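Undergrad: Have a look at the structure that comes next, please.
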Amino acid sequence: MASGWFYLSCMVLGSLGSMCILFTAYWMQYWRGGFAWDGTVLMFNWHPVLMVAGMVVLYGAASLVYRLPSSWVGPRLPWKVLHAALHLLAFTCTVLGLIAVFRFHNHSRIAHLYSLHSWLGITTVVLFACQWFLGFAVFLLPWASQWLRSLLKPVHVFFGACILSLSITSVISGINEKLFFVLKNATKPYSSLPGEAVFANSTGLLVVAFGLLVLYVLLASSWKRPDPGALTDRQPLLHDRE
């Protein structure tokens, strides 16, 4: 029964995650003119799409790999590789999203990293990079002792949840900041809730719902992988013989 609820939650998460990306892309296409890779505002439009796809949806999916009941039996190495690969894909999207916004700022002679949104965002990305490299070095490469892995595992899990929470906060602040900028001198200002504002705010609510459900699944004790013991837990990348 527990696994049935888990897979139902996964279906809901898949739907919410897809909607988060599609809604963000539709907002940029329909109201903000579409996409380009030329340094203009159309290049900036890649930034919200890539950040939502990478730092929220793919990051959330990667975080839930060890909650899959099928990962509870057999060797852990394939699941470790999948976990790391999904996070690496998320990080790739994130880097492309940062390139889009920095190139737009350079092209338009706009200052970098002056808003709270940008501070939150860059802090989240730096933490994400440190988290990934530490996880790769400790949990995949063969040098780390079982004692060190056991010591760092709770820290790794804690910062994983923190990074997802910061990602959601960054997205929400970014949506609000973008609406303030583009609707500041519009015929219908942000305060009058034109169609774009309603749609963008709804997108933000989808992001929050997705993130909260991911955190719930992560924290639900009945969906955590049982501790397999030291023997099966220690399966480094370079010494796997399964």
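Cβ coordinates are placed from backbone N, Cα and C, and glycine is handled just like the others.
Any TrEMBL annotation is an automated prediction that lacks curation.
As listed in TrEMBL for this protein:
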type	residues	note
DOMAIN	12-219	domain 'Cytochrome b561'
TRANSMEM	6-28	transmembrane segment
TRANSMEM	49-69	transmembrane segment
TRANSMEM	81-104	transmembrane segment
TRANSMEM	116-143	transmembrane segment
TRANSMEM	155-176	transmembrane segment
TRANSMEM	197-219	transmembrane segment
Undergrad: May I ask for the residues of the chain that lie six or more residues beyond the transmembrane segment (116-143) and have a Cβ under 8 Å from a Cβ within it?
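TA: Sequence-distant neighbours of the transmembrane segment (116-143): 51, 55, 59, 80-81, 84, 87-88, 90-91, 94, 98, 149, 152-153, 156, 159-160, 162-163, 166-167, 169-170, 173-174, 177, 236-239.
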Undergrad: Decide whether the stretches the transmembrane segment (155-176) and the transmembrane segment (6-28) have at least 3 CB pairs under 8 angstroms, with pairs required to be 6 or more apart in sequence.
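TA: Contact absent: fewer than 3 Cβ pairs fall under 8 Å.
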Undergrad: With Cβ distances under 8 Å as the criterion, find the stretch in 6-28, 81-104, 197-219 that has the most pairs with the transmembrane segment (49-69).
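TA: Ranked by Cβ pairs under 8 Å, first place goes to 81-104.
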Undergrad: Across the whole of the domain 'Cytochrome b561' (12-219), what does the mean pLDDT come to? Round it, please.
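TA: Mean per-residue confidence for the domain 'Cytochrome b561' (12-219): 95 out of 100.
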